[in-house]
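Student: One structure is given below, represented as structure tokens, and several questions about it will come after.
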Ligand code: CP
């Protein structure tokens, strides 16, 4: 693994090794011995991913090159490739990148000689979010085999849905999708079911935000909760032991009722906490592959 770009490059064994390493990172922190610089290049807004990478890097003893595209030479037209090549030249040992282009990785991977971690690629992939989601599910159920999993919401515009559906299938879960007609993505080859069927059968409900920023027209949301969202009545009908995930940020009162965001079944803030340990694990594993201990 030269770079960490997609869940598709991970085997089942790689994923279980990352779960174990994330657990160890929670119990005991072993910082890197030599001075290392991590460049956090976020070309799209982020709270969780950026901050949890920052905490993960600091816990591992890395020094952070914090980058703001608004005050950088990107404003003068510098490309992503030249930006990353520059950071590499001035001493970055690792680049964490989020960018609005679905395929930004393609311009970099063969030409950049430091490890790159994908922190979000357009509508296509969000592999570190996927790994922290899987870690959260694994901690809860200790298996994925035959677990009923439904991803509900704006699937068409969600990089999380794309990464998670593929990874969950690889691990043996039964993946279903549920979406309003204009949020369906038929390039994902999983069955669509209606919201009430999803509530009845699922061990894990994964809700997604309506990604207004990726829509051409503003979507109407006044009836969304009642028609496609997780209301209190629906939460009451979930299976015993079933849990709720959401990558966040959450639109309270749109895809999920406000009062359920922190209910007993919700693992939404647990996902954020797990994100720090999973990102520590991913950084450690990747740098080890490059011979950096
Ligand atoms: N889940 C997620 O990627 O959140 P941020 O956009 O805040 O990083």
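Even glycines carry a Cβ here, placed using N, Cα and C.
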Student: Please pick, from 24, 98, the residue that TrEMBL records in the carbamoyl phosphate site together with 48, 49, 126, 129, 248, 249.
Tutor: 98
Student: Of the binding-site residues listed here (76, 159, 209), which is spatially closest to residue 249 (carbamoyl phosphate binding site) when Cα positions are compared?
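Tutor: It is 209, whose Cα lies nearest.
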Student: According to DSSP, which of helix, strand or coil covers residue 249 (carbamoyl phosphate binding site)?
Tutor: coil
Student: Got a sec? Which of 49, 76, 98, 129, 209, 248, the binding-site residues, have CB under 6 Å of any ligand 1 atom?
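Tutor: The binding-site residues passing the 6 Å Cβ test are 49, 129, 248.
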Student: Using C-alpha atoms, which one of the binding-site residues 76, 159, 209 comes nearest to residue 248 (carbamoyl phosphate binding site)?
Tutor: 209
Student: Starting from the Cβ centroid of 48, 49, 98, 126, 129, 248, 249, which together make up the recorded carbamoyl phosphate site, report each further residue of the same chain whose Cβ lies within 8 Å of that point, ordered by sequence.
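Tutor: Checked against the 8 Å cutoff, the neighbours are 46, 47, 119, 120, 160, 247.
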